[in-house]
Amino acid sequence: MAKLFRAVIMGPPGSGKGTISERIAHSFGLKHLSSGDFVRENIAAKTEAGVQAKTYIKKGLLVPDHVMTRLLLPRLGDDQIQLVVRWYVGFPRTLAQAEALNSACDLDVAINLNIPLETLKERLRHRWIHPPSGRVYNMCFNPPRVQGIDDITGEPLIQQEDDRPEALVARLRHYKDVAKPVIDFYKAKGILYTFSDTETDRIWPNISALLSTKIPAIQTDARCASTH
């Protein structure tokens, strides 16, 4: 079998990972599945790893490395899955997770979204989510059809406690501390590409151009992109 294409997308909360992942999926024919989807599926199915993950999430804690790897690595090893894994709550989120992923498969590209702090704060201040599905809305540029209500289910949206201004700076500082070793890891491997701007629409053409040069050389009918 020809080589499959695998990539990771990294970035802090509010950096646009979800939007970029969806555009990659649409433009390059890659199926978009997020690590958050895997976590929710396992919690709903009450798998052993899902039950473990739920105990951490209910306490407002990040799911630890050993649980995330149990949840995700079996799916990443499936060559039929064309995967875009998002960073937050994503994979790899830590150096240990990046090393575990590296042992499971070879990555071709690591995309790092470097967004100014003030832009992140403004985006997250307007962000509301539908917890059961993970759907994200922004009241400025991606609002729900009915304020406070999920478009698909009609269920209420919430604003996460750690998206609120008083918690946000600490959250972003924590991300920076955890992400640096992962960024350095992929930089050392020579596959890191960093994109900086205040608007996703200005970043996207550059990411699209990069992937257009990378994917055709290794693209087959069974393509796989894996990205947190």
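Yeah, the Cβs are placed from backbone N, Cα and C, and that goes for glycine too.
Features reported for this protein in TrEMBL:
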- Gly14, Ser15, Gly16, Lys17, Gly18, Thr19, Arg127, Val136, Tyr137, Thr200: ribonucleoside 5'-triphosphate binding site (BINDING)
- 34-63: region 'NMPbind' (REGION)
- Ser35, Arg40, Leu61, Leu62, Val63, Gly90, Phe91, Pro92, Arg93, Gln97, Arg171: AMP binding site (BINDING)
- 126-163: region 'LID' (REGION)
- 127-162: domain 'Adenylate kinase active site lid' (DOMAIN)
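Everything TrEMBL records as a feature, shown here on the structure.
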| residue | record | Cβ neighbours (10 Å) |
| --- | --- | --- |
| Gly16 | ribonucleoside 5'-triphosphate binding site | 22 |
| Gly18 | ribonucleoside 5'-triphosphate binding site | 22 |
| Ser35 | AMP binding site | 29 |
| Leu61 | AMP binding site | 9 |
| Val63 | AMP binding site | 20 |
| Phe91 | AMP binding site | 31 |
| Arg93 | AMP binding site | 22 |
| Arg127 | ribonucleoside 5'-triphosphate binding site | 19 |
| Tyr137 | ribonucleoside 5'-triphosphate binding site | 21 |
| Arg171 | AMP binding site | 20 |
What count of other C-beta atoms do you get within 10 angstroms of the C-beta of Gly14 (ribonucleoside 5'-triphosphate binding site), across all chains shown?
24
Relative to the Cα of Phe91 (AMP binding site), which of the binding-site residues Gly14, Gly18, Arg127, Tyr137 have a Cα no more than 10 Å away?
none
What does the DSSP secondary structure composition of the region 'NMPbind' (34-63) look like, as residue counts for helix, strand and coil?
22 helix, 0 strand, 8 coil
Measuring Cα to Cα across Gly14, Ser15, Gly16, Lys17, Gly18, Thr19, Arg127, Val136, Tyr137, Thr200, which the record gives as the ribonucleoside 5'-triphosphate binders, how far apart are the two most distant ones in Å?
15
Provide, as an integer number of angstrom, the distance between the C-alpha atoms of Gly18 (ribonucleoside 5'-triphosphate binding site) and Val63 (AMP binding site).
19
Taking Cα atoms as reference points, rank the binding-site residues Gly14, Gly16, Arg127, Tyr137 by distance from Arg171 (AMP binding site) and give the first.
Gly14
Measure from the CA atom of Gly16 (ribonucleoside 5'-triphosphate binding site) to the CA atom of Ser35 (AMP binding site) and give the result in Å, rounded to a whole number.
15
